[in-house]
Amino acid sequence: MLMLSKTDLDPPSFILNGVPGLEDIHVWISLPFCSMYAVAVVGNCGLLYLVCYEDALHKPMYYFLAMLSLTDLVMCSSTIPKALCIFWFHLKEISFVECLVQMFFIHTFTGTESGVLMLMALDRYVAICYPLCYSTILINPVIAKAGLSTFLRGVLLITPFTFLTKRLPYCRGNVIPHTYCDHMSVAKLSCGNIKVNAICGLMVALLIGGFDILCITISYTMILRAVVSLSSAEARQKAFSTCTAHICAIVFSYSPAFFSFFSHRFGSHTIPPSCHIIMANIYLLLPPTMNPVVYGVKTKQIRDCVIRILSSPKDTKSHSI
């Protein structure tokens, strides 16, 4: 009998099939994806530039916003360029190692984004409930350690099931009905036991998402109590207005995530696979696209910095005349 080694069962590459059932309109699907990605790159790079070079934005809230922008850039850039290559040029092949690397980056930075949103909720809690201690509690070393811890949490939790996926034998073909290498989409091509992968993936989702949502909920419960206790309606409105952009960011991040999570488990037979794939991409693309737009519109300090930068060349020209 011919014995196959583990190496023999590792495919040299996978084929990412894009959006199954909608291959004929891949070019049309690519248009909103490309537009949203362009907005995400320009918007988040712009926010990073403002936070780095504008002294008025050298505050804890904006440092956390810079972390969110950097995370969003890596998250969407891990998937959308490859998806556009599939849609435009039919470049569907991805090596086994590249697939694992992409999977690691996607899951690590989605977990990091959830953690940064949690840190931003804690930031708003300290700013509203303990305003006099805000600048002494959230000093730069504390912010840096919090951001690094959030990133390392994602790395440490995602690394095990990346190796679990690598050790699996693959003998059910190499075609992935997706635009990127999702953990379970890759694992389902294995002819080995993937129960450990499924359990590990669910535990990581609960450890990261569950913990972060709990912290966000507790933070906003305390914020709501503090805001309601304020005597002045104007003070209540001003205090709560500082949270509106962050609340929008939470909605944009968690809404598609919840839809993907529950539809895979309870609507797999009623929702077409193409809808699952599109929503999985929106889950990675919507927050990076909308976060800089929302913060740019809702945050006065950012608007003022943008207006000053845009108007300064005109001012310089008028002075020279």
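Glycine is treated like the rest: Cβ placed from N, Cα and C.
The transmembrane segment annotation in TrEMBL falls on one of the ranges 101-122, 145-166, 277-298, namely 101-122. The transmembrane segment (101-122) is not in contact with the transmembrane segment (25-50), judged by fewer than 3 CB-CB distances under 8 Å for residue pairs 6 or more apart in sequence. Relative to the transmembrane segment (239-262), the listed stretch 198-219 leads the set 25-50, 62-89, 198-219 in CB pairs under 8 A.
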